[in-house]
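Have a look at the structure below before the remarks.
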Amino acid sequence: MEGPRSSTHVPLVLPLLVLLLLAPARQAAAQRCPQACICDNSRRHVACRYQNLTEVPDAIPELTQRLDLQGNLLKVIPAAAFQGVPHLTHLDLRHCEVELVAEGAFRGLGRLLLLNLASNHLRELPQEALDGLGSLRRLELEGNALEELRPGTFGALGALATLNLAHNALVYLPAMAFQGLLRVRWLRLSHNALSVLAPEALAGLPALRRLSLHHNELQALPGPVLSQARGLARLELGHNPLTYAGEEDGLALPGLRELLLDGGALQALGPRAFAHCPRLHTLDLRGNQLDTLPPLQGPGQLRRLRLQGNPLWCGCQARPLLEWLARARVRSDGACQGPRRLRGEALDALRPWDLRCPGDAAQEEEELEERAVAGPRAPPRGPPRGPGEERAVAPCPRACVCVPESRHSSCEGCGLQAVPRGFPSDTQLLDLRRNHFPSVPRAAFPGLGHLVSLHLQHCGIAELEAGALAGLGRLIYLYLSDNQLAGLSAAALEGAPRLGYLYLERNRFLQVPGAALRALPSLFSLHLQDNAVDRLAPGDLGRTRALRWVYLSGNRITEVSLGALGPARELEKLHLDRNQLREVPTGALEGLPALLELQLSGNPLRALRDGAFQPVGRSLQHLFLNSSGLEQICPGAFSGLGPGLQSLHLQKNQLRALPALPSLSQLELIDLSSNPFHCDCQLLPLHRWLTGLNLRVGATCATPPNARGQRVKAAAAVFEDCPGWAARKAKRTPASRPSARRTPIKGRQCGADKVGKEKGRL
C-alpha cells in the first residue's frame, strides 16, 4: 500500500518545486524599475516624464498597464519597442520629438486602449506602423506635421472610437483614408489645411457621429463627400472660407442634429441648402457676411439659429425670415445692422410688421441710400440657372487643371513664365506654385472675383506690381512664401481688402512692409519667418487692428522699439524665436492685453530682469524661453504672471539656480530639463516649490558631485543641512524675497528700475 501512495505524490511535488524556484524571479521582475522612472506597482503605473530619454527603457515591470513617457527625446519608435510590457492599456508619448514610427512599433500591445502621440514631429505614418493595436479605442495624433494619409494606415484599428488628427498639415484626404475604422464615432480633422476631399474620403465609417473640420481651407461645401457619413449627428465646418451654401452642394445627412458654419465667409444661403437634413436642430452661422437669410425649407426640427456677428439688414426683405422664425418656433440671436432705426435690435425681439415695406418712392429711396452708406455688399452667389450667366465656366488655361465641382484650378509646376488667364470665373482656389514669375503684373487675375485662396509659392517672384491683386475682393489667403521679395507696396495689395492670411516666409525682407499692411484692414495672421528683418519699429504693423497672429521667427531682430506692436491691440500670438534679442522687449509688450502666446526661444537673452513680462501678465498662457542661453533669472522676473500661465519652457539653458514660482499655480507644463542646476541651499526654495507640484519638470542636479544626476524635486538629502530645513512645513517664503545670495552676471542687474528706464529698447 505504501508504494502506490508515494508514487502518486511525485507529480504534485515537482510543480510545487518549480513554482517555488520561479517565485523570486517573478517578484524581482515585478519590483524592477528604471532609474529615470517612478513605478507604482500597486496601480501598475510607470512614469518616466521629461527625463531626456533617447530610447524606451528596457527594465519596465512586465505587468505595467499605464506607461507615461511624455517629454523625452525618443525621436524614433523602433519595431517591437514595447514587447516587454504586453499588458499596457495606456501609453503616453506626447512631446517626445518623435519623427518616425517604424512598422510594427506597437506589435504585442493587443490590450492597449489609448495611444497618445500628440505634439511630436511626425510627417507620415508607415503602412503598418499601427499594426497589433486591435483593442485601441483612442488615438491622439494632434500637433504633428502629417502632410498626407495613406489608405490602409488605420486598417488594423477595428475597435477605435476616437481619432484625433487636428493641428497637422493635411491638405488632401484621399479615397478610403479611414478604411477599417468601423467603430469610430469622433473624427477630428480641425486646424489643418484641407482644401480637397476625395469623393470616397469618408467611405466606410458607419459609426461616425461627430466630424470636426473647422479651421481648414474648404472653399465649397463638400456635400456628397460628407453625405457618405450617414450617421453624423454633429458636423463642425466653422472657420472655412465658404462663401455660399445651397441645395446643389448636395448635403444629405438624415441624422444630423448640429451644424456649425461659424466664422466663415458666407454671403448667401440657398433656401433649400439643408433640405436633406430633416433632423437638424441647431444651425450656427455666427461671424459670417450674411445680410439676409431666406426661410429655410426642409429642416422641420430646427429650433436654434445662431446669427450673431452677421451684418443683418432688417428691411422689408427680412420679413419672410421673421415670419418663418415665428411660425417654426426657431430661436435666433442675431442683431440688426440697419436700417438706422433698428440698428442693434435683437432679431428675436422684432415682429414682422416692425420691418417696413415702404409704400412711397421717397421712403424707398431713403432706405436704398442708407444701405449704400452702410457699405457695398457683393451680390449673393446662387446656383447656375442657365448658360451665359455669371457662373458659366470659362475654358481652362492650357497645361492647367480646373475642377468645377470643387471650384479649384491648379497649374502647379507647369514651367509657366507668366500668370495664365482664362480660369473659370467661379474659381475659389488657384494654385500657381513652383512656376517662374519674376513679377506679378497689374490686374494679373481678371475675372476672378470669387477667388478666396491664391498660391504663389516657389515662383521666383521679386516684385508685385501696383494693382496686381485688383478685383480680388474676396481673397482671404495669399501665399507668397519662398520667393525673392524684398519689399511690398500698399498699391500692390490694393484690391484685396478682405485678405486675412499673408504668407511671406523665406523671402528677402529687411524690414516689415508696414506701408503695405495698411492696405489690409482685415489682416488676421502675418507670416514673415526666416527673412532678414533686423528690427521692429513704430508703424511696421500699420493699422492692423484685426491682427491676431504675428510670426517673425528666424530673422535677425535685435530691437523691438517702444510702440512697434501698439496698433495690434488684439494680438494673441507673437513669435520672435530664433532672433538676436538680448533682452525681453518688456516696453514693447505694453498695450497687448490679449496676448496668449509669446515665443522668445533661441535668442541670446542670458538673463531675465524683474518684471520682464509684467505688461502681459494677465493674459499670457504660454511662454517659451528655451535655448536662450539663460544664466540668471531675477526673483521677480515672472511677477505679474499668475494663474493664467499654463506652460513655461525653460529647457536647454545654462541655469544653475532658479527662484521658486508659487504664483504660477495653474501650470500644466513646466520644462526645466538640460540645465546645470547647482544643488546647494540656494536652491532650497525651488526644491520645496517643486515638491508641491504634481508635474514632472526634468530639473536635475549637475553639481556638486555628490548630487549629480539627482532630480531637484527628489533630492531631499542634499538640502537636509540647509538653514530652515526643519521649518519646511511652515509657510513658504514668497518668490520675490531674496533667500540666498546670488552672483549677478557682469553687466546684468535685477531690478524693475533699470527695466523701466530701458523698457522700450532692446
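Backbone N, Cα and C atoms are what each Cβ position is placed from, and that goes for glycine too.
Features as listed in Swiss-Prot:
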DISULFID  Cys396-Cys411  disulfide bond
DISULFID  Cys679-Cys722  disulfide bond
DISULFID  Cys681-Cys701  disulfide bond
CARBOHYD  Asn52  N-linked glycosylation site
CARBOHYD  Asn626  N-linked glycosylation site
REPEAT    498-519  repeat 'LRR 13'
REPEAT    570-591  repeat 'LRR 16'
REPEAT    594-615  repeat 'LRR 17'
REPEAT    644-665  repeat 'LRR 19'
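For Asn626 (N-linked glycosylation site), the nearest neighbour among the listed recorded positions (Asn52, Cys681, Cys701), judged by C-alpha distance, is Asn52. When other Cβ atoms within 10 Å of the Cβ of Cys411 (disulfide bond) are tallied across all protein chains shown, the result is 24. Between Cys722 (disulfide bond) and Cys681 (disulfide bond), the C-alpha separation comes to 5 Å. Here the candidates are the recorded positions Asn52, Cys679, Cys681, Cys701, and by Cα distance the one nearest Cys411 (disulfide bond) turns out to be Asn52. The Cβ neighbour count for Asn52 (N-linked glycosylation site), using a 10 Å radius over every protein chain in view, is 13. Sorting the repeat 'LRR 17' (594-615) by DSSP state (H, G, I as helix; E, B as strand; all else coil) yields 2 helix, 5 strand, 15 coil. Under a cutoff of 8 A between CB atoms, and with a sequence separation of 6+ in the same chain, the neighbours of Cys701 (disulfide bond) are Phe677, His678, Cys679, Ala707, Arg708, Gly709, Gln710, Arg711, Val712, Ala715, Val718.
Mapped onto three states, the DSSP output places Cys701 (disulfide bond) in strand. Cys681 (disulfide bond) falls within a helix when secondary structure is assigned with DSSP.
Taking DSSP states H, G and I as helix and E and B as strand, the repeat 'LRR 19' (644-665) has 0 helix, 3 strand, 19 coil. Around Cys722 (disulfide bond), taking its Cβ as the centre, 16 other Cβ atoms fall within 10 Å, counting all chains. Across the structure, Asn52 (N-linked glycosylation site) and Cys681 (disulfide bond) are spaced 26 Å apart at their Cα atoms. Residue counts for the repeat 'LRR 13' (498-519) by DSSP state, with H, G and I taken as helix and E and B as strand, are 4 helix, 3 strand, 15 coil. Across the repeat 'LRR 16' (570-591), the DSSP tally of helix, strand and coil residues reads 3 helix, 3 strand, 16 coil. Rounded to a whole value, the Cα-Cα separation of Cys396 (disulfide bond) and Cys681 (disulfide bond) is 75 Å.
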